[in-house]
Structure formats: structure tokens, C-alpha cells
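Trainee: One structure is given below, represented as C-alpha cells, and several questions about it will come after.
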Amino acid sequence: MVQNNIKKNHMDIYWHDYADSLGNIPITNAGLVEKASIIGRTGLMLLSCGTGAWRVRSSMNTLSEQLGITCTANIGLMSIDYTCFDGDNCFSQSLCLTNTGVNTSKLNRLEHFINDFSSEGIKMSGEELHVHLDEIEHIHGLYSPVALGLAAALACGAFTFLLGGGPFEMICAFLGAGMGNYLRCKLSEHHFTLFLCIVSSITLACLVYAGILKFAEVFFAISPQHEAGYICSMLFIIPGFPFITSGIDLSKLDMRSGLERLAYAIVIIVVATITAWIMALILNLKPLNFPELSLSATALLLLRLLASFGGVFGFSIMFNSPIPLAASAAVIGAIANTLRLELVDLAAFPPAAAAFIGALTAGVLASLLKNSLGYPRIAITVPSIVIMVPGLYLYRAVYNLGAMSLTTSASWFASAMLIILALPLGLIFARIITDKSFRYCT
């Protein structure tokens, strides 16, 4: 299949056509259209990184103030409609992305571009600014599909232990998730459609897990009860980032962005869980409970800290975070997630209440350390709590729904929904406590 012969559904925007051809006029002295092109392009690039509407609008406002104009923007998951005013004229544009995802490395570069604009950007011409934005836009993946496969393997292997799995389940989930995410990344590189990427990667993850389990049963007499971990091999597909940012957007009454992000996350969840259910039927897999692990309280605590660090680190790498950023998120995630699990086990907290406290802790720690770490807050907070998203509950809910065990399915769905609601609430209240600009409606 020759992809180059396929006509693009979204046409390219020639941003340099908006700039002064000579490139010798500072952007502060340029016309409204040229200024608006810088603002709109920066906003669209921020949106492509997966950040929420409030952050995108705030950044567009910062640039507008530096350029001496006013900007109002209506922001969704995939598009921005905005208008700029200079007191005499106005200029409107509607901009669309071709795809969405998460890229915290590019987000970090854009944050620095915006923060440095008052000292450096205002001295540059529109052409020079667009050249600089070209360089940032070309920051795609820091990691190869093999590295991203290993990151997913690490994350899902660690996730398996945190959910109660033992060494065998962890190994199977490690290999299944690694192969599944590798395939997903290769398909994404060639711009295959979202549904194909989800179905193919989930199918391969299930097949790898089931194949290893069957091999171990035949040659090493491993118990079939270890099939319980097959769900963990698919947790790399759970869209934690849009789930959480949708809640943050809804809290700021950015209804369009919040609802679109929520719909996007639900679409992925539905396709992934139905695929997993069909594969479970074909391969005769059942989401049983994990065999009991005989660990002391101290050993369990230490292993949870280690597994939480590894899980968050893996997910951060999948979000294209540089190693220092991924490590920072992993330290915060290890503390917050272990606290959540210990509250459930030792203090008998309801899982949703413990999730709220865990997310609140992650948000407060990230806010306190944001300046010293030098990374955008959302690039730390969201990866640090993605490991708390109850993907296992969602898979089990759909499996039981397909089996017409409606009471059991409803119980898993209810538990999952309470935790999913609690996670963004924890981050929102952490932001309200630590960020005065977020505390008010405007």
C-alpha cells in the first residue's frame, strides 16, 4: 500500500505566507493577520500535544498581550476557532488538527517558547517566529517503536503487580503489552486509522499472553489460573490522558473541549474492551482473581513503591517525555499511588476516596516542585496518576456485560466510574489550592 498516493483529508496550512516576505519587521510592528497567525499556530501546536483547553487559551492570551491585541478562542479536542482584535479590525480563523495524541516533550518546548516570548520573541520577525515554530513542530517521537514497546511492557508489567498479579502474570503481561504497543506504534507511523490500531494491538497482546500461558501449561505445568493477567497486557491502550484532561476542562466550563475529550476516551475504551471480550471468547480466557501473594506488609509497601515508579515511568515514556521528566513524574506517582493503595488496605478507604487523595497528593507535589523541575505541571501530574485509572475494572465490566452477568458488570462499571470521577477531581482541587490563577473563573 503506497500511502503517498492517498489524498490528504486535511490540507496543509502554509504559515509562512502570513509572514512579511522580507522578514525584517519585528512582530510587534506587524499587521493583525501576521500576529494572529503566530497566536493561532501556537495554540494549535499546544492542542496537538494533548493539553487541555484552559492551558491552550491561557497561552494564546499571553502571546496576545505581548503583541498588543485581544484574542478570544473556542477550543475543542481537534480544532480551534479564534478571533483577534486590534481595536480597529478583527481577524478570524478556524484551525483543525489531522490527529490527536500526547507529546510532553513538544509541550515543554512550547511552554519555554511562550515564557520567553516577552524577552526574545517580541524582537523577532513573523518569519523568524514561524521558522522557530517549524523546529518545534518537527519534534515527533523521541523514541523508536521498540523503545515505546518496552515502555508499555514496563508499565503493564508493573501495573500487573499493583493489581495483585505475581511474577508469571507480570512476565506474560510484559511481553504481551510490549508486542501490542510496538504494533500500535508501527501502524501509527504509517498513519493507519485509530480503530485499526486499537483492534490490532489488543488482538496481538491477547494472542501473545495466551500463547505464553499455553506453552507454560504444556511444558511447565503452570496453573491455568494465571490467565487472570491477560487483561493487564492490554492496559497500555487505556486513554488516561484525555480522560483526566476532560475533567479539568469541564471544571473550567470549557464544555466543548471537555465533552469532546470524554467522547474520544469513551470511543477508545469501547473499541478496546469489546475487542478484548471477543478475544477472550476465542481464546477461552476468563478475568479470574489473581492467586494470593504471600508478602509481608513491609515487603508489599516497598514493592508497590518500586512498581508504581516503573509503571509511571513507562507511561511517561509512552507520552514522549524526556527521561528526566519521566523520572520526575515517576517519583511523584510512586508516592501518590502507594499512598492510595495503602489507604485501601490499611485504613479501609473506599477505592474512589483513596483515588481522590492519591490524585490530590500528586497534584500538590507537582505544583510545589514545578519551578524547581522546570517542566509543565500537566506533563508531570497526568502521567503520575494515569496508573490509577481502573482499566482492569472496565475490561471486566464489558466481559461480564457480554456474558449477560448484568449485576456483576454493573458493579465493575460503578466502581470504575467512581474512580474515574475521583482522579480529575483530585487534580482540580490540588490546582485550586496551589494556583491562584486557576482558582477563579476568569
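Cβ atoms here come from the backbone N, Cα and C positions, even for glycine.
Keep in mind that what you see is a predicted model, and the values were worked out from it rather than measured.
According to TrEMBL, the record shows the following:
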DOMAIN    38-281  domain 'Threonine/serine exporter-like N-terminal'
DOMAIN    306-432  domain 'Threonine/Serine exporter ThrE'
TRANSMEM  142-162  transmembrane segment
TRANSMEM  192-216  transmembrane segment
TRANSMEM  228-250  transmembrane segment
TRANSMEM  262-283  transmembrane segment
TRANSMEM  295-316  transmembrane segment
TRANSMEM  347-366  transmembrane segment
TRANSMEM  378-398  transmembrane segment
TRANSMEM  410-430  transmembrane segment
Trainee: Output the single range from 142-162, 262-283, 410-430 maximising the number of Cβ pairs under 8 Å to the transmembrane segment (295-316).
Mentor: 142-162
Trainee: Between the transmembrane segment (228-250) and the transmembrane segment (347-366), are there at least three Cβ pairs closer than 8 Å, leaving out pairs fewer than 6 positions apart?
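Mentor: No, the stretches stay apart by this measure.
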Trainee: Decide whether the stretches the transmembrane segment (262-283) and the transmembrane segment (347-366) have at least 3 CB pairs under 8 angstroms, with pairs required to be 6 or more apart in sequence.
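Mentor: Output no: the transmembrane segment (262-283) is apart from the transmembrane segment (347-366).
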Trainee: In the same chain, which residue numbers or ranges, 6 or more beyond the ends of the transmembrane segment (347-366), come under 8 angstroms Cβ to Cβ?
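Mentor: Result: 332-333, 335-337, 339-341, 377, 380-381, 384-385, 388, 390, 415, 418-419, 421-427, 429-431, 433-434.
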